[in-house]
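Chemist: Copying in the features that Swiss-Prot gives for the protein in this structure:
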BINDING   D386, N388, D390, T392, E397  Ca(2+) 1 binding site
BINDING   D458, D460, S462, H464, E469  Ca(2+) 3 binding site
DOMAIN    373-408  domain 'EF-hand 1'
DOMAIN    410-445  domain 'EF-hand 2'
DOMAIN    449-480  domain 'EF-hand 3'
CARBOHYD  N207  N-linked glycosylation site
MOTIF     128-133  motif 'HXXXXD motif'
MOTIF     202-205  motif 'EGTC motif'
TOPO_DOM  1-50  topological domain 'Cytoplasmic'
TOPO_DOM  72-529  topological domain 'Lumenal'
TRANSMEM  51-71  transmembrane segment
Amino acid sequence: MPPPHRVFALPRQQSLLLPAVINPFVHDLSLSTADITKCFLLGIILVPLRAIFLLLVLLVMWPVSVIITFGQSLKGVVEPMTGWRRFLHRRVMTFLGRMYFFGMGFKVVVKGKKASTLEAPILAVAPHSSFFDAIACIESGLPSTVSRIESLEAPIFGRFLRCVQPVLVSRTDPDSRRNTIIEIERRAKSGGHWPQVLIFPEGTCTNRSCLITFKQGGFVPGVPVQPVLIRYPNKLDTVTWTWQGPKSARLLLLTLCQLCTTVEVEFLPPQVPTEMEKKCPLKFAQSVRAVMAKSLKLPVTDHTYEDCRLMIAAGELTLPMEAGLVEFTKISRKLELKWDNVKKELESFANIACSCKGGRITVEEFASFLKLPISPALQQLFALFDRNGDGTIDFREYVIGVTVLCRPANNEEVIQTAFKLFDIDEDNCITQEEFSSLLRSALGVCDLDVHSLFREIDADGSGHITYDEFRSFALNHPEYAKLFTTYIELQRYQGLQGDETDFDSAFSHCCTAAYDEYQEDSASDKKDD
């Protein structure tokens with residue numbers, strides 16, 4: 001007999017393959033005994049000398065910056081610098097900036113040619129991996145940057161920042177993001193009156209193993225953008241500053257202890273947007289990123305700053321920080337999820353994985369959370385979540401599983417049908433005997449204790465489950481939805497096969513078919529990823 005038509009099918013979804021780089025926000029600085037000895041011996045001599053030199057440079061930079069910004073509003077400027085202010089800013093401050101980094105031991109190698117303001121009003125620097133990336137700003141002639149308004153109030157460096165006439169961002173202003181984009185566009189289209197605007201389109205620091213998602217703000221104006229690459233080709237990496245890694249003070253001290261730290265700044269040809277890219281900043285950002293990734297010979301991923309926020313949230317939930325990484329840009333776009341939705345799923349994931357030190361869910365923990373025994377049915381459900389077949393579910397797989405498998409199945413029709421299946425005597429409530437009887441059949445477990453699960457659904461402790469209680473529990477626990485739909489499909493499959501069909505083998509057929517289709521969908525859509 002040919003296999004029956006499957007009434008329910010898993011929703012087709014573009015594949016969500018693992019990124020080429022799992023965690024671009026971690027940096028493990030391992031120092032050998034020789035490295036420690038070298039840093040100690042050089043540090044005794046170099047650190048005091050460099051500290052004195054840097055202090056002297058700052059003593060010269062401070063009065064120059066005061067003169068440049070004298071009489072200017074602290075809240076930002078509305079007109080570009082001209083005359084002697086521009087000369088002091090572009091010539092003197094740039095020279096002093098180079099002296100400052102020279103005093104820190106940096107050897108700067110510049111490749112390519114910086115475009116003029118008319119040729120490329122915006123400079124995009126990547127990969128952004130360190131606070132030392134300010135070197136790119138110095139070598140670009142101190143263009144304007146995007147900075148928080150609070151930074152202007154910082155002692156000494158706040159005054160230096162005012163010299164570059166930054167585009168200011170305010171955390172307290174709800175319209176700040178829109179206003180920032182408008183200001184960047186105004187300067188970019190000024191016909192060369194304003195200095196170039198330098199942006200770090202990744203928006204956060206990575207370990208330079210890939211290029212993450214570029215934010216669209218700097219690409220909205222639709223003007224030519226010059227990519228600027230920054231590399232640190234040193235044997236000992238003392239500059240990479242990531243969310244998981246050494247603190248800034250340690251990196252600064254170790255860098256000062258190095259005899260020389262090499263940095264390469266490369267200016268690529270300006271990228272002129274097509275008509276389509278002018279209308280779609282996302283495509284323009286992706287196009288520029290692709291050019292930079294090709295030159296750097298690095299992969300690209302869809303991680304973004306929101307992944308860093310999820311890492312912090314994972315740490316607060318006692319999970320390993322890397323457990324929160326999901327490639328937020330890809331997940332949010334393909335599954336139509338906002339950050340708050342993913343954060344909520346992280347909290348649910350933490351409730352299941354709290355006893356697991358690795359931040360991954362095993363089948364035992366999955367069964368314990370569902371308050372069900374490990375049965376073939378539950379193992380099949382677990383396999384649907386476990387996309388890579390390694391026997392565990394990480395947070396990324398959990399988000400995809402809940403969104404693609406469970407939530408679409410967790411609708412009013414399914415909940416009503418499932419309630420009717422449990423309500424054997426049709427008295428509009430489910431007793432523990434009815435609940436236990438159906439689960440024993442569905443899971444293929446003769447001796448099944450469902451007391452704890454029944455008690456959790458029975459919110460008022462009345463000894464029976466009403467529809468409202470059942471519905472509320474189902475909506476808050478979408479993990480059960482696939483079990484419900486598989487059981488409903490099982491009933492229809494039995495009807496097509498005939499009454500003589502073995503219940504357990506039919507259940508296994510339905511679950512296996514679902515698993516095969518899910519895997520097939522993932523494989524067939526790899527080209528779309």
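Just so you know, glycine gets a Cβ as well, placed from its N, Cα and C.
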Chemist: If I take every residue in the domain 'EF-hand 2' (410-445) and average their pLDDT values, what number comes out?
Modeler: 78
Chemist: By a Cβ-Cβ criterion of under 8 Å, what residues six or more beyond either terminus of the transmembrane segment (51-71) are in contact with it?
Modeler: 81, 85, 88-89, 92-93, 96-97, 99-100, 103-104, 156, 159-160, 162-163, 256
Chemist: Is H464 (Ca(2+) 3 binding site) helix, strand or coil when read with DSSP?
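Modeler: Note: H464 (Ca(2+) 3 binding site) is in a strand by DSSP.
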Chemist: Using the centroid of the Cβ atoms of D386, N388, D390, T392, E397 as reference, list every other same-chain residue with Cβ within 8 Å of it (recorded Ca(2+) 1 site), in sequence order.
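Modeler: Leaving out the recorded residues gives R360, F385, R387, G389, G391, I393, D394.
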Chemist: Measure from the Cα of T392 (Ca(2+) 1 binding site) to the Cα of every one of the recorded positions N207, D458, S462, E469, then give the nearest.
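Modeler: Nearest by Cα distance to T392 (Ca(2+) 1 binding site): N207.
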Chemist: May I ask which residues of the same chain, at least 6 positions away in sequence, place their Cβ under 8 angstroms from the Cβ of D390 (Ca(2+) 1 binding site)?
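Modeler: Those within reach of D390 (Ca(2+) 1 binding site), by Cβ under 8 Å and sequence separation of 6 or more, number none.
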Chemist: Among the recorded positions N207, N388, T392, S462, which residue has the fewest other Cβ atoms within 10 Å of its own Cβ?
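Modeler: Output over recorded positions N207, N388, T392, S462: least Cβ neighbours within 10 Å is S462.
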Chemist: Suppose we draw a 10 Å sphere around the Cβ of E469 (Ca(2+) 3 binding site). How many other Cβ atoms does it contain, all chains included?
Modeler: 19
Chemist: Could you work out which of the binding-site residues (D386, E397, D458, D460) has its C-beta surrounded by the smallest number of other C-beta atoms within 10 A?
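Modeler: The binding-site residues D386, E397, D458, D460 were compared, and D460 has the fewest Cβ atoms within 10 Å.
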Chemist: Around the recorded Ca(2+) 3 site, report the further residues of that chain (criterion: Cβ within 8 Å of the mean position of the Cβ atoms of D458, D460, S462, H464, E469; site residues excluded), sequence-ordered.
Modeler: C429, I457, A459, G461, G463, I465, T466
Chemist: Which of the binding-site residues S462, H464, E469 has its Cα closest in space to the Cα of the residue listed as 'N-linked glycosylation site'?
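Modeler: Spatially nearest to the residue listed as 'N-linked glycosylation site' by Cα position is E469.
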Chemist: DSSP says what for the motif 'HXXXXD motif' (128-133): how many helix, strand, coil residues?
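Modeler: Split by secondary structure, the motif 'HXXXXD motif' (128-133) comes out as 3 helix, 0 strand, 3 coil.
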Chemist: Cα-Cα separation of D386 (Ca(2+) 1 binding site) and D460 (Ca(2+) 3 binding site), in Å?
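Modeler: That comes out at 35 Å between the alpha carbons.
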Chemist: Between N388 (Ca(2+) 1 binding site) and E469 (Ca(2+) 3 binding site), how far is it from one CA atom to the other, in Å?
Modeler: 35
Chemist: Across all the protein chains here, work out how many other Cβ atoms are within 10 Å of the Cβ of H464 (Ca(2+) 3 binding site).
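Modeler: Around H464 (Ca(2+) 3 binding site), other Cβ atoms within 10 Å: 17.
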